[in-house]
Amino acid sequence: MSVILCTAGYDHTIRFWEALSGICHRTIQHPESQVNRLCISPDKRYLAAAGHQKVKLFDIRSSNPSPVMTFAGHTGNVTGVTFHCEGKWMVTCSEDGWVKVWQTKDGSIQRSYDHGIPVNDVVIHPNQGEVIACDRGGNVRIWDLGENKCTHQLVPEEDVSVSSVTVASDGTLLCAGNNSGNIYVWRMLQNRDITSLIPVTSFQAHNAYVTRVLLSPDVRHLATCSADHNARIWSVDPAAPHIVKGNENLPTERKPGAFPLESSLESHQRWVWDCAFSADSAYLVTASSDHYARLWELGTQAVIRQYNGHHRGAVCVALNDYSER
């Protein structure tokens, strides 16, 4: 299976899709709760599904519908999950206010970091030594795993929930999106083992909540998803042309350094919750409360496949189409 594509949401099912045909070839029931986030391990062996208080690990290569491991330790909805680059450990965040680092081989908790307020998203820095999380209080915090402490606390807007964070695959950029529809961007500099953050720009991406931000693997594009029913693609090159046609509700005046709008993906009928880039950064999959996931070709802005089968909102998607090493 060179391409693994999964979606899940409020209908308590996880669906595996043939990406090109749009056929659902496997369904896993998740009866205990809705599924909030999905993540595929780098070796394509396991799928982590974050639900209420727990993360379940499923064997992708097996037909067994039961999880091979359950990570229990949170007391609220698990809102984020991501794997170490070799799959040796996993990081989660939760509405209970905690970020936790787990050993994947035995499910033990190695680190716990307290935000004191519901945490919305978490990512691992490519250096594998830092974890970046954002919360409902408006904070973006960087946790140093070696020092076992918070080394940076960023507050883009006081008391405005930061819903999502993303870090560039080369470790150069950090982006965050919030409930005001705004995006904040920092340059990340590594000097020996010390990370420095330099504000680059901020701009309004949507007129409603930003639900997800995601930098493309080639670090040339930023995808944003929103409660305004749209996903948008922004150029990381601030000198690129800005597309406003058909998006008159977006401000035409741009701040210096603001990311130009490349395309607006507008066929969903309800909130767009999540997205995932293909490995070559040429395609994007989106998941929406309208029950559908869609595969977009970014060059033409066309929907080339729609994934039908969820009976309630599809709120998370995971895609791994990286070539086998």
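Each Cβ is built from the backbone N, Cα and C atoms, and glycine gets one as well.
The residues of the repeat 'WD' (71-112), classed with DSSP into helix (H, G, I), strand (E, B) and coil, number 0 helix, 29 strand, 13 coil. The repeat 'WD' feature in TrEMBL is assigned to 71-112 (among others).
Annotation source TrEMBL lists repeat 'WD' at 112-153 (among others). Only residues 6 or more beyond the boundaries of the repeat 'WD' (112-153), in the same chain, are considered here, and those with a CB under 8 A from a CB of the stretch are 76, 79-85, 91-101, 159-171, 174, 176, 178, 188, 190, 193, 195, 197.
Under the heading repeat 'WD', TrEMBL lists 155-196 (among others). For the repeat 'WD' (155-196), the residues of the chain that approach it from at least six positions outside its boundaries are 120-127, 129-130, 132-140, 142, 146, 202-215, 217-219, 222, 224, 226, 228, 234, 236, 257, 259, judged by C-beta separation under 8 angstroms.
Same-chain residues lying 6 or more positions outside the repeat 'WD' (203-237) and placing a CB less than 8 Å from one of its CB atoms are 163-170, 172-173, 175-183, 249-251, 254-255, 258-266, 268-277, 279-281, 284, 286, 288, 296, 298. According to TrEMBL, the feature repeat 'WD' maps to 203-237 (among others).
Feature annotation from TrEMBL assigns repeat 'WD' to 265-306 (among others). Taken as a whole, the repeat 'WD' (265-306) shows an average pLDDT of 94 in this prediction.
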Legend entry - Contacting positions for the repeat 'WD' (265-306) when only residues 6+ beyond its ends and CB under 8 Å are counted: 5, 7, 9, 17, 19-22, 37, 211-212, 214, 216-218, 220-221, 223, 225-227, 229-233, 246, 312-323
Legend entry - Helix-strand-coil residue split for the repeat 'WD' (265-306), DSSP-based: 0 helix, 23 strand, 19 coil
